[in-house]
Amino acid sequence: MTQEDVDRMYDQQISLPVSKEYLGVEVRNILDAMNTIIDDILAGKELPVTPNLICTFHQLVSKNLGDHIDCIPGRFRQDNRYVGSYRAPDYSKVANLVERLCDWMRLEFHYPEYKNDWYDAIVQAIVAHVYLEWIHPFGDGNGRTGRLLEFYILVRAGMPVITCTLLSNFYNDTRSEYYRQFDVARRNNDLSSFIKYAVRGLCDKIKETLAVAQVCVTTITWSHYIYEQFDKKTTSEATKRRRKLALSLKIGVPYTREEIVMLNPEMAREYLQTQRLAARDINALVNMGILRAYSGLSTWDDDIYITNHTKLLLDRMPDSKHGPDLFPNS
């Protein structure tokens, strides 16, 4: 399923074919479980990681799947399992191993004394995920439960929710390396390499997310600025047309006059009919400070125009936040 399919399915805008309905249930279970975690933590219902909590998470991700999941939701397995060539611990040891894992995490990471320490939370989320996969406490759904536990530990520590799924996304993007690191850690009985791999991936994912967020914030703020500037003017056809032209410009992209004319198909027809109209509109945007004109940057004898977003938006921000790094492509 694509991200768009997931969004539309969750908003009940589409229904899946019968053969794929279980995929929709899996996705809805995960999203509902994550929302439940967020709501509980916002309500102050933070809990230490216990076997009961892990079983609750498994119940949340496994419910309503019928024959599409080989386990009893919320119950430890009662048989022995292999994951590829890896033989999980004997089922009779599962309850004790999970109990020991929870006790160890509580002592090692000092919850709740240091519950808001992000560094500890990141390491705890990583090792909790790995150890849960090694124990393989459930017949099925261990990966989903491990990822939900990882999410819970990060959200509980107060990390921004948008960052709390990035580890799972990174594992999915580097699936082959993920399995290799998993095997190396198991063979060497040492998690150092896996932790280093996961932390580097998380840092890269955070940088990617910040870059996207910066572009989104800049674009939205710039759009609001344009509307504000044109709201001060009369509601003439020329004003409406120039506002539409300004909103058609991509931030930080250099344009020739001819390229600006062709940005909007509807306006292009009007500009081509009256050539001086485009010149007047472009000059108006330059005079308003929305566009900057540069001469001699083109192989043609023409000016190059770029949105003047950096200066205008930075001038509207508190002094302490001035910095070109906030606005890429400026």
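Quick reminder: no glycine exception, Cβ is built from N, Cα and C everywhere.
Listed in TrEMBL:
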ACT_SITE  His136  active site
BINDING   Asp140, Gly141, Asn142, Gly143, Arg144, Thr145, Gly146, Arg147, Tyr178, Tyr179  ATP binding site
DOMAIN    49-200  domain 'Fido'
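His136 (active site) and Gly146 (ATP binding site) are 10 Å apart (CA-CA, integer value). Under the three-state DSSP scheme, Asp140 (ATP binding site) falls in the coil class.
Per-residue pLDDT, averaged across the domain 'Fido' (49-200), gives 93. All protein chains included, Arg144 (ATP binding site) registers 21 other Cβ atoms within 10 Å of its own Cβ. Of all residue pairs in Asp140, Gly141, Asn142, Gly143, Arg144, Thr145, Gly146, Arg147, Tyr178, Tyr179, the annotated binders of ATP, the farthest apart have Cα atoms separated by 19 Å.
Of all the Cβ atoms in the protein chains shown, 27 others lie within 10 Å of the Cβ of Gly146 (ATP binding site). Between the alpha carbons (Cα) of Tyr178 (ATP binding site) and His136 (active site) lies a span of roughly 17 Å.
Every protein chain shown contributes to the tally, and the Cβ of Asn142 (ATP binding site) ends up with 22 other Cβ atoms within 10 Å. The two recorded residues, Arg144 (ATP binding site) and His136 (active site), have Cα atoms 11 Å apart. Sequence-distant contacts of the residue listed as 'active site', defined as residues of its own chain at least six apart whose C-beta falls under 8 angstroms from its C-beta, comprise Arg77, Arg81, Val83, Ala88, Pro89, Asn142.
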